[in-house]
Amino acid sequence: MVAEEKTDTEGLPTVVVAEDEALNRLDIIESLNENGYNVIGEAANGQEAVDRVRELKPDIVVMDVKMPEKDGITAARELNEDFLAPVVMLTAFSQKDLVAEAVDAGVMAYVVKPFVPERLFPALAVAQERFKQMKALRDRISGIPDSGASSADASESLAAADKEIQDLREQVDELKNRLESRKHVDKAKGLLMQHMGLTEQEAFRWIQKTSMDRRLTMMEVADAVVQQIEESRG
C-alpha cells in the first residue's frame, strides 16, 4: 500500500479571504500562500464569507469592512457569535470611525488599506492569539459552577472570569491604540518622503526624535506633520 503523500500546505494555518475587489483579493491570497498560510476559500461578499467560513472552518478570516450583500462588520459579528474563527478586518484610512464598531463585533485585529503584507502578518498572529485566549476564557466560563454549587465557589469563578475579561479588553484597547498610532505615523512618513525627500528610515527617525524632544506621542507629531503639509498645499 502506497503511503499518502503529505502536501506542502499540511499543518499551515488555514485562511478564508473575503474581499469584493477581485484584484485586491488575488493579491492577498498570493501573499498569504507565499508566506506560510494556506488559503482554503475566498468570498466576494459578506454573506458568502459567512457561508464559506461555516463550511470550511478556517483558522483565521481576512475580511474587508465594505462588501455587498452583507458588510464585513455584520459578517464578523455573525462569525463571532458562534466563535467560528478570528477575524482580521481590512479598513481604509478614512474609515477609522468603524474601528470601534468592528471591535464590538468581535474583530480581533484590523489592517489599514492599501494592503501591505508587512502590516497584515503581525495582525494575523495577534488575532490568532487573542482568539485562543478568548476561547480559553469562554471554556472556563462554561465550567463555572451551576446554581447548586456553593455561592463562594461561584463568586470566585465569576471574579476570575471578570478579571480575565478586563485584561483582554485592556489588551485589545492597547492593540487598537498601537495600530491607530502606526497608521498615523505611516501617513506622516509618506508625506515627509514625498515633500521633504527623506527616506522611510529618515522620516521615521525624524518623527521619533521630534516626539522625544517635544515630549509628545509619535501620533501627535505625525498628526501635526500631516496638518502642516496639507495646509501648505492649500
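Keep in mind that glycine also has a Cβ here, set from the backbone N, Cα and C atoms.
Curation plays no part in TrEMBL annotations; they are all automatic predictions.
Keep in mind that this is a model prediction, so the values were computed, not measured.
According to TrEMBL, the features are:
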DOMAIN    14-128  domain 'Response regulatory'
MOD_RES   Asp64  4-aspartylphosphate
COILED    151-185  coiled coil
DOMAIN    165-226  domain 'ANTAR'
For the domain 'ANTAR' (165-226), the number of residues DSSP places in helix, strand and coil: 56 helix, 0 strand, 6 coil
Integer mean pLDDT for the domain 'ANTAR' (165-226): 83
Composition by DSSP (helix, strand, coil) of residues within the domain 'Response regulatory' (14-128): 57 helix, 27 strand, 31 coil
